[in-house]
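Asks: Sharing the features that TrEMBL gives for it:
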{"type": "TRANSMEM", "residues": "B:82-102", "note": "transmembrane segment"}
{"type": "TRANSMEM", "residues": "B:114-135", "note": "transmembrane segment"}
{"type": "TRANSMEM", "residues": "B:142-162", "note": "transmembrane segment"}
{"type": "TRANSMEM", "residues": "B:174-193", "note": "transmembrane segment"}
{"type": "TRANSMEM", "residues": "B:205-225", "note": "transmembrane segment"}
{"type": "TRANSMEM", "residues": "B:257-278", "note": "transmembrane segment"}
{"type": "TRANSMEM", "residues": "B:285-303", "note": "transmembrane segment"}
{"type": "TRANSMEM", "residues": "B:323-342", "note": "transmembrane segment"}
Amino acid sequence: MGEPAFLILTALAAEPKHGYAVIEDVREISGGQVRLHTGTLYSVLDRLRESGLIEVEREEIVQSRLRRYYRLTGAGRERLAVETARLRRNADAAAARLAVRLMPGTGAA
Amino acid sequence: MNEQHEPDGRLEWWYTRLLALFPPGHRAEYGDEMLGVLLAGTRPGQRLPRLGEAADLMGSAVWMRLGGRGAGAVDSRWADTAAVYGLVASLLLVLAPARYVAADMLYAARLDGMLLRPSTGVLVSMLLWGLAAAAACTRWSVVSAGLAWAGAAHQVWLLAAAYPEQPELLVRRWWMVVLMLSAAFALSVRGRVRGGSVLGGVRTGVLAVALTVLTVLPAVEVLLAETSRHADGGYEIASWGGYQVKSFLGEQPVHGALSAALEAACVLALLGCLIGLAPAVRRRLPVLGMPALLVLVTVPSVFEGFLMSTVRFDPPVLLAAGEWAYLVLLPLLTLLVGVVLLERAERHAHLVGLGLAAEREALLRRTGAAS
């Protein structure tokens, strides 16, 4: 799973959100590091819908335009949990190796 | 969120032009929504799309045009329906012949001690559709589609080879050709869903059990039946449960009380499985199945004269251009009209729903403002 998909699932984990709210939330979650563009967002949303990880919660008309709210499905929640655990393991492994190199007397720089 | 300012009309025009680069399927599904998001992200006074945004839109559109994932090329409701239809039609195409082959073999073995050997054509067809159905239950969608197209091509080849001598065979089995082609087409639809996953575990189980019971019932009836030979060469068949059927070999399947009860139960179970599906899938299944059904129902009466007369001539009379047009156009037009009518009805219902929701929201706002 790529970073955009992971961040979009994370943005939808707490509550259903519409497209623009997802973009804003992803920017906040990533500390301003990731700015999702609209083309990418809807490409990933479509893929996540097709995979059954998210679904449309409701639709409404705002300023004469369709607005859809997306939410995680059960499968999406499970997938996000699995992905989170995987990333945590990787991060822990990286942190552990960095800690070894920084210990005095180990030849670390 | 920059929804307070009114976006520039020129900017909206630019975004609309950029969105036009996307494939029609993606545009139909997300175009309006994407435009809303793009306009919501604009700055006051902005008149042109930002470079990064425009590049992203163009890149995504080209990627999807080249067949990249997330192209939204197929409406997910149609993809789900195609997955279910492809699986069910494949199962029917393997189990329907199996039902009669098994019963006929037992029939011959019991009455005359003969060992009937089913034709190679039937066996190959059953094998191809059986493998296609099995692959449709897995993630091997390409294999499943390939086997289904091979099954359809095999049937067309058999009928084409027999056509100069037996044109009536092609007319009588045309519904099978339509069913096979529609099943192969359904299994080729892009999408990563499987028929089993759309149906759900319980419904797939019920479907499999009901179809299996329907398949083995005639053979069981033959095993349970009591037979007696007549002087004229015919047989008196006493089915289990009291039904009497006077029959010659292979002329009529034995149909006793067991079949009467279990067939009705199985058909009800099958209908229950399909009725329990999501409404969008449930509405679409008849649209996909209608072409084959309509051919099956109308061809015997429309071609009654042809079927009766062609066998009396040597060489037989072949189909005229108008008759070919009927066989080819009827299923195609039935599918087309079904799709158009369904899409129109759903679009209408959707817009009515949105309008009602907007009215309710406006009423709530007015009530809130008044209080």
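Here the Cβ of each residue, glycine as well, is placed from N, Cα and C on the backbone.
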Asks: Mind checking which residues reach the transmembrane segment (B:114-135)? Cβ under 8 Å, same chain, six or more beyond either end.
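Replies: Residues packing against the transmembrane segment (B:114-135) from afar: 87, 90-91, 93-94, 97-98, 101, 104-105, 108, 141, 143-144, 147-148, 150-151, 154-155, 158, 180, 183, 187.
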Asks: Give the nonlocal contacts of the transmembrane segment (B:174-193) in its own chain as ranges (CB under 8 Å, at least six residues past its ends).
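Replies: Beyond its ends, the transmembrane segment (B:174-193) has Cβ neighbours at 73-74, 76, 78-83, 85-86, 89-90, 92-93, 129, 132, 136, 139, 141, 144-145, 148-149, 151-152, 155-156, 159, 288-289, 291-293, 295-296, 299, 327, 331, 335.
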Asks: Between the transmembrane segment (B:142-162) and the transmembrane segment (B:205-225), are there at least three Cβ pairs closer than 8 Å, leaving out pairs fewer than 6 positions apart?
Replies: no
